[in-house]
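Per Swiss-Prot, disulfide bond is recorded for C46-C60, C53-C64, C59-C69. Annotation comment: Swiss-Prot describes 1-19 as signal peptide.
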Amino acid sequence: MEKLTILLLVAAVLMSTQALNQEQHQRAKINLLSKRKPPAERWWECGIWFSRCTKDSECCSNSCDQTYCELMPFPPDW
């Protein structure tokens, strides 16, 4: 009877450990997926034409004149 009790306790500990590991793995997977945004959401994170900016990456056109987003980047010889 003692051996059966010990066996049941060991089985319970193993099952709870496995369940805990699965839960943490699933939570990490959800966190990883939630960091990604669809392209439509990423588009609106950039500034449209004539929005305030300080660097090119803040503008949808990828062209900032240090004050406002430009409609499009101009050639360097302008």
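Numbers run from 1 along the shown chain.
Including glycine, each Cβ sits where the backbone N, Cα and C put it.
A Cα-Cα distance of 11 Å separates C64 (disulfide bond) from C46 (disulfide bond).
Taking the Cβ of C46 (disulfide bond) as reference, residues of its chain lying under 8 Å away and at least six apart in sequence are, in sequence order, S57, E58, C59, C60.
Sequence-distant contacts of C53 (disulfide bond), defined as residues of its own chain at least six apart whose C-beta falls under 8 angstroms from its C-beta, comprise G47, C59, C64, Q66, T67, Y68, C69. Neighbour counts of Cβ atoms within 10 Å were compared across the disulfide-bonded residues C60, C69; the minimum falls on C60. For C64 (disulfide bond), other Cβ atoms within 10 Å of its Cβ number 20.
There are 24 other CB atoms within 10 A of the CB of C59 (disulfide bond), with all protein chains counted.
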